[in-house]
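Notes for the one structure printed next.
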Amino acid sequence: MKILFVNEIREADAYTILHEPIDSIDLMERASSAFVSWFKENYLVGNYKVKIFCGLGDNGGDGLAIARMLHPLGYDLEVFVVKFSKKISENFDQNLYRLEKQIPVKIIDNESFIVNFEKKDVIIDALLGSGLSRSLEGLLKSVVEKLNESEVPIISVDIPSGLFANKSNNLSDTIIKATHTVSFQIPKLAFMLPQNAEFVGDWHIVDIGLNEDFIEKVTAKFFYSTPLEVEKLIKPRKKFSHKGTFGHALLVSGSYGMMGAAILSARACMRSGVGKLTVHSIPSGLAIMQMLLPEAMYWETASGESDLFISTQYNIENIANKFQAVGIGPGLGVNIKIKESIEQLCELCAELSIPMVIDADALNNLSMDENRESLSKIPKNSILTPHPKEFQNLLNKSWKDDYEKLELLTQFAVNQGVIVCLKGANTAIALPDGTIHFNSSGNAGMAKAGSGDVLTGMILALLAQGYSPKEAAILGVYQHGLAGDKAAQNRGMNNMIASDIIENIRF
Ligand SMILES: NC(=O)C1=CN([C@@H]2O[C@H](COP(=O)(O)OP(=O)(O)OC[C@H]3O[C@@H](n4cnc5c(N)ncnc54)[C@H](O)[C@@H]3O)[C@@H](O)[C@H]2O)[C@@H](O)CC1
Ligand SMILES: Nc1ncnc2c1ncn2[C@@H]1O[C@H](COP(=O)(O)OP(=O)(O)O)[C@@H](O)[C@H]1O
Ligand SMILES: [K+]
C-alpha cells in the first residue's frame, strides 16, 4: 500500500472528484460515513457520551458530518466548533448548515472556555487534518491542551490535530494525543515513526473510494506492506520438489558463550522452508548444535582457531556450487580477526554472486574502521538487518529525528546498493531503488534478546530458496512479526521469548 504525501492525497481527492465524478461535499460524506462505521463498532451507542471538537476547514467539516450521522443512531452528542480564524471552508459551511437543522452547536471562541469531562466521555478530534500549515498556537493550542488533559479516549479524524503528516514537528509542539486515529484510505508517513507514537495511538485505515487508477500512477517513495500484499509473495511447495529444490544455506554464527544466537538463527532458518542448512562455527559449539538441532549440519572452524569465531577456511571449493545463500552475524563477537573472516566471506560471495544476509556483530565488525572502508566489501543487493544502534555504527553518526533517520537510511541503501532492514516497530526496509517499505506485523513482546537472530535465520532460508533479496526482506520481516504476534497471543507480550517466535513461524 502506498503512503502518499499531503499534496498527493489532495491530488487524489481532486482527481476522484473530477473523474468519478463526485461533488467534494459528497466525498466528505463518504469519508465521514466510513469514520462512523468504524466508530459505532468500537464505541457502542449507549455506553458513551460523545464530544466532537471541530475546526473550520474540511477536517472540521468531517466532524460536523460525523455528528449529523451519529445523532440518528442514538448517540448522546455535544458538538463544539473552535473559532480560531475567520476563514472557513465551503464544505464546513455546508455541513454546519445541515447539522444545525438537527442539533445545536456550541462555539468556543476564547481561551477561558470550560468543558467538563466525565468518565463516560469520548472525544472526536476534528480540529485540523492534513491541512495543518504551522504549529498550533493561541486558542487551538489551548483547546488541544485541555483535550489532552481530559483523561478520556480521543479518536482523531484522519490525523491527530497538530501533527504534520510528512514532516517533523518541533519537540515543543502541542499535538492531540489520540487513543485511535481513523485515517482516510492512505496511511500517513507520520504514523510509521516512533517519535509520533504517543500522538497517533492505534491507527486504522478506512476506505473512502479515492480513484485507484490515480493512486496506481503516483510514484511513491514510501510503502506500508499489508498482509494481503506480502502473503502473495509466498511460493507454494511443488509436489515433486526435493530438498535440493529449496537450497542449501550457510549460517556463520556463534562463539563461546553465544551459541544461543546460532541455535535460534539456525532453528528459525530450518522452520522457514530451507532444504538444507550448514552452520559454520567454533569447535566447542558442535555438540550443542547437534543435540539441539539435529536437522542442521555443522562445519567447525579449524582446530587451533580460538573460541571466538575466526575462520580462514573460505575458498571457491568449499563455497561455490554448494551454498545458495549465506547468513552471517548473530553472536560472532567483535575483533580484528573476526572482521577479516567476514570480509573474506563477503568478497567470495560477491565474486560468486551468492546472496547474503548480514546481521548483528557482522555489522559491528564491518563498522570497525574509522572511515568505514570495510563497507565496500559488502556484496551489492545484500540484506543488512541492523537495529538502530547498529545502523548508527554503520553510519558513524546519529540523527536528530525520525525523518532524518529515514533520509540517512535511503542514502545508505542507495549508495551502498544494499537492502537495509532497520528493525523496530514498523521495521523500515530500504531498497537500493530509494523506496522504503514499512512492516505491518510485530509487537513489543519481541523487544527481547534473540528476536533479531530469529529474523536472520528466516531471511537466510528465503534467500536460499531463491526468493529475490527484496522479496526475502519484505516477506521475512513480515513473517517474523506475524510469528511474534501469534507468540504474543499464546504467551503474552511480557512472557514470550525468542524461541516462541520460532515455534509460531507458519507460512
Ligand atoms: N478534500 C477532500 O475532498 C476530502 C478531505 N477530507 C478532510 O479534509 C481534511 C483536510 O482539509 P483542509 O485541507 O481543509 O485542512 P484542515 O481541515 O486541516 O484545515 C486547514 C485550514 O486551517 C488552517 N490552518 C492550518 N494550520 C493551522 C494552524 N496551526 N493554526 C491555525 N490555522 C491553521 C489552514 O490555513 C486552512 O485554512 C483531511 O484531513 C480530511 O479530514 C475528507 O473529508 C476526505 C475528502
Ligand atoms: N516494539 C516492537 N514492535 C515490533 N517489533 C519489535 C519491537 N521491538 C523489537 N522488535 C523486533 O524484534 C527484533 C529485535 O532484534 P534485535 O534488536 O536485533 O534483537 P537481538 O539482537 O537481541 O536478537 C527485530 O526484528 C525488531 O523488529
Ligand atoms: K484531526
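Cβ coordinates come from backbone N, Cα and C, glycine included.
No curator has checked TrEMBL annotations; they are predicted automatically.
Taken from TrEMBL, the feature domain 'YjeF N-terminal' covers 9-216. Annotated (6S)-NADPHX binding site per TrEMBL: 58-62, 129-135, ASP158, ALA261, GLY331, HIS387, ASP453, in sequence order. According to TrEMBL, the feature K(+) binding site maps to ASN59, ASP125, SER161. Look at TrEMBL and you will find 226-507 tagged as domain 'YjeF C-terminal'. If you look up TrEMBL, you'll see LYS423, GLY424, ALA425, ASN426, THR427, GLY452 marked as AMP binding site.
Annotated features taken from TrEMBL, shown on the structure.
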| residue | record | Cβ contacts under 8 Å, 6 or more apart |
| --- | --- | --- |
| GLY61 | (6S)-NADPHX binding site | MET28, CYS54, SER89, ASN91, PHE92, GLN94, ASN95 |
| ASP125 | K(+) binding site | PHE53, LEU147, ILE154, ILE155, SER156, VAL157, PRO160, SER161, ILE176, ALA178 |
| SER130 | (6S)-NADPHX binding site | VAL6, ILE9, ARG10, ASN59, ASP158, ILE159, ALA165, LYS188 |
| HIS387 | (6S)-NADPHX binding site | LEU422, LYS423, GLY424, GLY452 |
| ALA425 | AMP binding site | PRO194, ALA197, GLY442, ASN443, ALA444 |
| ASN426 | AMP binding site | MET192, LEU193, PHE438, ASN439, SER440, GLY442 |
Original post:
Can you list the residues of the same chain, besides LYS423, GLY424, ALA425, ASN426, THR427, GLY452, whose Cβ falls within 8 Å of the AMP site's Cβ centroid?
Top reply: HIS387, CYS421, LEU422, ALA428, ASN439, GLY442, VAL477
Subject >> Packing count at LYS423 (AMP binding site) (other Cβ atoms within 10 Å of its Cβ) >> reply: 25
**OP:** Identify which of the following binding-site residues, namely ASP125, SER130, LYS423, GLY424, ALA425, place a Cβ less than 6 Å away from any atom of ligand 1, and list them by sequence position.
**Re:** SER130
Original post:
For the binding-site residues listed here (ASN59, SER133, SER161), which one has the lowest count of neighbouring CB atoms within 10 Å of its own CB?
Top reply: SER133
Original post:
Who sits close to THR427 (AMP binding site): which same-chain residues at least 6 apart have their Cβ under 8 Å from its Cβ?
Top reply: CYS421, PHE438, ASN439, GLY442, VAL477, GLY481
Original post:
When the Cβ positions of the binding-site residues ASN59, GLY61, ASP125, SER130, SER161 are compared with the atoms of ligand 3, which fall under 6 Å?
Top reply: ASN59, ASP125, SER161
Subject >> Neighbourhood of ASP58 ((6S)-NADPHX binding site), C-beta criterion under 8 angstroms, separation at least six >> reply: MET28, SER89, ASN91, PHE92, GLY129, GLY131
Original post:
Within the set GLY61, SER133, THR427, GLY452, which binding-site residues show a CB-to-ligand 2 distance under 6 A?
Top reply: THR427, GLY452
Subject >> Integer average pLDDT (0 to 100) for the domain 'YjeF N-terminal' (9-216) >> reply: 97
Original post:
When neighbour density is defined as the number of other C-beta atoms within 10 angstroms of a residue's C-beta, which of the binding-site residues GLY424, GLY452 has the lowest density?
Top reply: GLY424
Original post:
When DSSP states are folded down to helix, strand and coil, where does ASN59 (K(+) binding site) land?
Top reply: helix
